[in-house]
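S.K.: Below are the structure tokens for one structure; questions will follow.
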Amino acid sequence: MNLNSIPAFDDNYIWVLNDEAGRCLIVDPGDAEPVLNAIAANNWQPEAIFLTHHHHDHVGGVKELVKKFPQIVVYGPQETQDKGTTQVVKDGETAFVLGHEFSVIATPGHTLGHICYFSKPYLFCGDTLFSGGCGRLFEGTPSQMYQSLKKLSALPDDTLVCCAHEYTLSNMKFALSILPHDLSINDYYRKVKELRAKNQITLPVILKNERQINVFLRTEDIDLINVINEETLLQQPEERFAWLRSKKDRF
């Protein structure tokens, strides 16, 4: 299996998995044009689309792709039923695509119906988990997003986290504002800064590394707890997550 990223809009990535025969899976095609160009250039045969949630920058290209390739099966959560989804999937179910079984994981927070797809080592997490950050809470609660991130963080160490946006540099600037002396965060920030200066992608990331540099996955970390305690005493990790998310919203 080959993993490919297709840039779209200002900072989106549309992920494509293809096998040796050229069959491919497309994840969150917000725009059809760059996908159609990649399909033509690589001689791919699209078999399926995965949708993580209903936002337009993730679903906008579905109808055009299905019109061009009517055999495509479109998997998505209930909230994408009017966006072109032909196979609604929910937490605990599986999608069998390209000979691989993908587990569906409910991750409410960014939207209430947001889902992720996992088939070792690939995690397609939409706008739930970003490198160094997490999605804004447009519909869900901090507690829901905390639980969603906890699920994803429990996946195997070698999981390849395929996020839908290039937000890594701004996320790491925020992380540095919270933990300015953290060695892992500083090292990763320098690496990301160099990559982005060359206009290079920072994704996918390995989950084991992400747990070290993503403050939203470190709500039980003593260094982070000490920083938060300087401002307010919060006993529960969900409360610390909410504090972080509120800070990031204003950053």
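From the backbone N, Cα and C atoms, a Cβ is placed for every residue, glycine too.
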S.K.: Swiss-Prot has Asp57, His58, Asp127 binding Zn(2+) 2. Which one of His100, His165 is in the same site?
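M.R.: The one candidate that Swiss-Prot places in that Zn(2+) 2 site: His165.
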S.K.: In this structure, which of the binding-site residues Asp57, Asp127 has the fewest other Cβ atoms within 10 Å of its Cβ?
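M.R.: Minimum Cβ neighbour count within 10 Å, taken over the binding-site residues Asp57, Asp127, occurs at Asp57.
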